[in-house]
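**Student:** Take this structure first; my questions come after.
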Amino acid sequence: MQIRVERLRVRHENFELRVDNLHFSANRVSALVGPNGAGKSTLLKALSGVIKPVAGSIFVDGRELSRLRGSERARLVSYVPQEHSTALNFRVFDFILMGRSGYLNIFSPPARADYEKTEEVISYLGLEALAARKCQELSSGERRIVLIARALAQDSKIILLDEPTTFLDLKHEMEIINLLRKLAEDRGKTIITSVHSIDLIPRLADFLVMIKNGQILSAGPTTEIFRAELLGTLFDYPLRVVEADGRQLILR
Amino acid sequence: MTGSKRKNKNKAILYIAILFPLLLLLFSLCLGTLRVSLKEVLEILLARISGWPSDLLTTPAANIILNIRLPRVLLALLAGAAFSVSGASLQSLFRNPLVNEYILGVSFGAGFGGAASLVLFSRNFPPQVLAFACGLLAVVLVLVISEGARNTLVAVLLTGIIVSALFQALLSTLEFIASPYALQALFFWLLGSFSQATWPDLAWSAPLILVGLVFLLKLGWRINVLSLSDDEARSLGLAVKRERILIICLATLVTSAVVAIAGIIGWVGLIVPHAVRGLVGSDNRLVLPVSAGLGASLMLLADDLIRTLLPFEFPVGILTSLVGIPFFLYLISRARTSWS
């Protein structure tokens with residue numbers, strides 16, 4: 001499933017984001033990168049339908065996102081926030097089960113099919129040991145995985161993630177990166193994620209969108225635009241990209 | 001605890017929560033100045049339900065059981081369930097364990113509405129209508145005013161206090177202009193009591209409460225999802241604003257239907273859900289029904305105590321405040337830590 005953005009303008013908390021034309025291909029991992037406050041999260045929230053654009057359109061496989069009902073939208077696009085709110089201390093299983101809400105009538109609790117989908121996701125991600133625990137007992141790495149599990153239970157072709165690896169240690173960071181690649185390659189998901197540390201991008205993303213001051217600085221295949229000059233301009237800091245072991249590395 | 005063990009435990013708690021209030025109901029009908037045995041109570045109830053003409057139904061005991069104790073006991077059960085379920089729902093909706101209908105100004109709004117109805121129309125017009133309208137007005141005022149401050153909890157709490165104060169002032173104005181006869185009724189009613197419960201009162205309030213409760217219980221899963229952040233709930237497919245308004249209206253409906261005939265009885269909706277979450281966890285599919293059962297039982301027990309231990313009619317609303325306010329202070333003192 002692909003996403004097309006046309007003449008989009010989004011306003012969020014005294015901030016305006018403008019995207020004239022942007023296209024995310026199906027079954028790919030796309031990364032949004034840029035300085036803090038550039039508009040990455042705002043773009044993700046607009047793409048997920050959480051905030052409505054002031055002007056312009058977002059098309060998911062040709063269907064305009066803002067015209068869809070909430071439940072229809074939830075079956076197409078899921079959104080993984082950085083942290084889930086923890087007002088109530090749900091069990092991990094019930095938390096993942098919430099991904100099924102878009103398939104439920106307002107007065108119906110989850111049914112057998114929803115439980116089965118949740119169990120399938122739990123075994124796919126190997127989370128059996130966590131399922132009976134409470135969300136507030138989890139480590140930050142476990143919480144990120146559980147949030148991704150909820151998005152998988154939502155069973156949408158498109159998954160949007162807001163900096164899913166920030167504050168994680170190296171092992172958990174790599175687990176998430178590998179999982180996102182696997183989801184795109186094996187499960188045919190279209191992944192769009194904002195990324196804080198640019199070092200990860202060559203391993204993670206097929207497609208790169210550079211955002212600065214609420215506008216797109218550059219967008220294209222990672223192999224083409226992951227360049228020192230562009231990245232330097234993006235972050236206002238001189239960088240070097242060197243190659244070692246066939247991989248691109250950033251030197252600051 | 002393993003999954004199936006926990007499920008069995010929760011099922012057991014759910015059954016107890018349903019059965020206990022019913023047993024307590026029978027037991028409570030026996031209590032009072034005139035002792036009636038459980039056997040007699042059952043016979044009277046059966047005779048009444050079966051509809052057959054029976055000598056039993058003409059005895060003074062039958063009159064006391066059916067026309068005085070039964071409406072009172074039923075009202076206490078409904079009130080306890082209504083306050084507890086609306087409290088639990090609102091706490092999840094506002095993501096805060098301290099919120100309840102009392103804090104949101106519903107109680108005093110509905111209290112003023114009910115009082116205004118009594119003073120204006122006497123008993124010729126059901127007080128539930130104005131109680132619900134003013135209860136809703138109070139919540140809307142609180143939410144609209146605190147929205148400027150982005151609905152932070154402190155803003156909601158402060159606005160709730162101020163809106164409650166406004167309706168208390170309006171109530172005082174009513175008391176000032178009411179006739180001495182109306183004033184006495186008003187005064188006692190406002191302190192919160194089930195002693196005046198009659199069948200005609202219940203005929204209006206009970207269906208409203210029951211319908212509201214059934215819908216709230218059916219919304220348990222949605223209330224779970226709405227306890228996440230608005231962004232998350234929206235991305236999971238919920239119509240956040242509309243569903244929130246529906247739940248707030250239902251919580252206001254059940255609360256004001258009780259307040260309209262029993263007066264202002266606070267804090268039940270704070271204590272009961274807290275205890276229930278400690279017992280069964282956070283899932284509202286379980287928290288709401290168990291809160292209904294436990295709240296109904298506690299409310300009835302409190303009324304039984306007042307009826308049997310004290311030689312005079314002590315307003316149950318004062319009792320719940322005396323227990324609830326220290327509990328609220330205790331929760332505030334550890335508000336930063338956790339829910340249960």
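Even glycines carry a Cβ here, placed using N, Cα and C.
Just so you know, TrEMBL annotations are computer predictions that nobody has curated.
As annotated in TrEMBL:
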| type | residues | note |
| --- | --- | --- |
| TRANSMEM | B:12-34 | transmembrane segment |
| TRANSMEM | B:73-90 | transmembrane segment |
| TRANSMEM | B:102-121 | transmembrane segment |
| TRANSMEM | B:127-145 | transmembrane segment |
| TRANSMEM | B:152-171 | transmembrane segment |
| TRANSMEM | B:202-221 | transmembrane segment |
| TRANSMEM | B:245-272 | transmembrane segment |
| TRANSMEM | B:314-332 | transmembrane segment |
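Burial and contacts for the listed features, if you can.
**Tutor:** Away from its own ends, the transmembrane segment (B:127-145) comes close to residues 104-114, 116-118, 151, 156, 159-160, 162-164, 166-167, 204-205, 208, 248-249, 252-253, 255-257, 259-261 of its chain (Cβ-Cβ under 8 Å, at least six residues beyond either end).
For the transmembrane segment (B:152-171), the residues of the chain that approach it from at least six positions outside its boundaries are 94, 96, 98-99, 102-105, 107-109, 111-112, 115, 134, 138, 141-143, 145-146, 190, judged by C-beta separation under 8 angstroms.
Among residues of the same chain six or more beyond the transmembrane segment (B:245-272), those with a C-beta under 8 A of the stretch's C-beta atoms are 75, 78-80, 82-90, 93, 98, 100-102, 106-111, 113-114, 117, 126-128, 131-132, 134-136, 139, 143, 188-194, 196-197, 201-202, 204-205, 208-209, 212-213, 215-216, 219, 222-223, 226, 291, 294-295, 298-299, 315-317, 320-321, 323-325, 327-328, 331.
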